[in-house]
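Q: Reproduced below are the annotations present in TrEMBL:
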DOMAIN    25-287  domain 'NADH:quinone oxidoreductase/Mrp antiporter transmembrane'
TRANSMEM  60-80  transmembrane segment
TRANSMEM  92-115  transmembrane segment
TRANSMEM  151-170  transmembrane segment
TRANSMEM  177-196  transmembrane segment
TRANSMEM  202-221  transmembrane segment
TRANSMEM  233-253  transmembrane segment
TRANSMEM  273-293  transmembrane segment
DOMAIN    289-342  domain 'NADH dehydrogenase subunit 2 C-terminal'
TRANSMEM  321-342  transmembrane segment
Amino acid sequence: MNPYILTLLLFALGLGTTITFAGSHWLVAWMGLEINTLAIIPLMAQHHHPRAVEATTKYFLTQATAAATLLFASTTNAWLTGQWNIHLMTHPVPTTMIILALSLKIGLAPLHTWLPEVLQGLDLTTGLILSTWQKLAPFALLLQMPLHDRTVLVALALTSTLVGGWGGLNQTQLRKILAYSSIAHLGWMLLIIQFAPSLTLLALATYLVMTSAAFLTLKLNSATTINALSTSWASAPLLTALLPMVLLSLAGLPPLTGFLPKWLILQELAKQGLPFTATVAALSALLSLYFYLRLSYAMTLTISPNNVAGTASWRFNSSQLVVPVAITTLSSALLLPLAPAITSALSL
C-alpha cells in the first residue's frame, strides 16, 4: 500500500476514535464510529486475497448493522426523552438496544460469531488493530452511559466468558484462538463495568498490552497455526521461551500481570454480593487456561521432527521492530508487583 494512503487511513482511524472519545452527543459518537469503520476497511482488504475480501465484507456488514441499530436506538431515546446526551440515558428500551449494538461492534457473545471468522481472514498486523484499537471507542461509550440494568450486562458478560473459553478449545488456528481469547476478556471487562469502571479500564489496559505482545510475537515468528509454533524455536529461541509467559498471563495465572485485573474483579464481585457470578467467571477462566496451556506446550515441549537439534544455520537477525515486542512482553509478565500502586491509584 502507498505510504501516503496508509498514513491517511491510520490518521482517520485515530480521528474516528478521538471523536467518539470527545463527544457527548449520540450523533457525534455515531459519526466517530463510522469514520473508524470506514478507515479500517481498506486496511483489511489491502492484500486482495479472497479470504481477506470475505473477512472485510463480513466485518463491514456487521459494523453497518451495529451502527444502524445504534443510530435507531439513539433516535428512539431522543424521541422518548427529548435529549441526545450520552450521559443522560434514562429509558430502558433504547439503553438496552445501544448495549446490544455496542456488544455486536466489539464481538460480545452471543453476538460474537463474526469475530473469529473475520480475524482468521486477516494478516496479524491488521488483526492486532482489530483486536485492540477497535475496542476503544465502543468501550468509551459504555463507560459514559449510565448502566442501571444489571441483568443484561451480567448475562452478556458471563455468556462471553463461557463462549470465549469453550470456543477456543478445539481450534488449531492461532488467530481464531486469539479471537476467542478476546471474547472471554471482553466478558470480564463488561462484568465489572457497572460496579467499578476503573477496574474495567485496568482490565482493558492489561488486555491491550498482553494481546499486543501475543500478536507481535506471532508476527515475528510468522506463525499462524499451532503446528508452526513447534518450529518457532529455530527462528527466535528467546521469544519461544517468553511467549508461554505471555499466554499464561492472558490466562490470568499468578504471578503474571494478567492475574491482577481478574483478582480485583473477583474481589469486587464478592463485595457487591455476587458470589455465584464470581464463581462462574473464575471457572470459565479454567476453560481459557486449557488452550493457553496447549499453545505453551506446543511451543516449549514439542520439537518438530523436521528440525535438527542445535542452532539453525539459516537463522538471521530479524528486520522487524523488536522494541514493541520487548516492551509488551515484559509488561505482560512483570507488572503484578505494582499491584499496590495500581490499586491505590484506582481508589483516588
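The backbone N, Cα and C atoms fix where each Cβ goes, and this holds for glycine too.
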Q: Are the transmembrane segment (321-342) and the transmembrane segment (92-115) close enough that 3 or more Cβ pairs fall under 8 Å, when only pairs 6 or more apart in sequence count?
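A: Counting Cβ pairs under 8 Å, fewer than 3, so no.
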Q: Short question: which residues 6 or more past the ends of the transmembrane segment (202-221) have a Cβ under 8 Å from it?
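A: Here the qualifying positions are 124-125, 127-128, 131-132, 135-136, 139, 174, 178, 181-182, 185, 188-189, 192, 228-229, 232, 235-236, 239-240, 242-243, 246-247, 249-250, 257-258, 260-262, 264-265, 318, 320, 322, 324-325, 328-329, 331-332, 335, 342, 346.
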Q: Are the transmembrane segment (273-293) and the transmembrane segment (151-170) near each other by the rule of at least 3 C-beta pairs under 8 angstroms (pairs 6 or more apart)?
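A: Result for the transmembrane segment (151-170) with the transmembrane segment (273-293) is yes.
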Q: Counting Cβ pairs closer than 8 Å, which of 60-80, 233-253, 273-293 has the most of them with the transmembrane segment (177-196)?
A: 273-293
Q: Any chance you could find the range in 60-80, 233-253, 273-293 with the most Cβ pairs under 8 Å to the transmembrane segment (321-342)?
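A: When the Cβ pairs under 8 Å are tallied, 233-253 comes out ahead.
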Q: Sequence-remote contacts (6 or more beyond its ends) of the transmembrane segment (60-80), Cβ cut-off under 8 Å?
A: 26-27, 30, 33-34, 37, 41, 89, 91, 93-95, 97-98, 100-102, 104-105, 114, 118
Q: Would you kindly list the residues that approach the transmembrane segment (273-293) from elsewhere in its chain, counting only those six or more residues past its ends and only Cβ-Cβ distances under 8 Å?
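A: That would be 154, 157-158, 161-162, 164-166, 168-169, 171, 177, 180-181, 184, 187-188, 191, 247-248, 250-253, 262, 265-266.
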Q: Restricting attention to the domain 'NADH dehydrogenase subunit 2 C-terminal' (289-342), give the mean pLDDT.
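A: PLDDT averaged over the stretch: 74.
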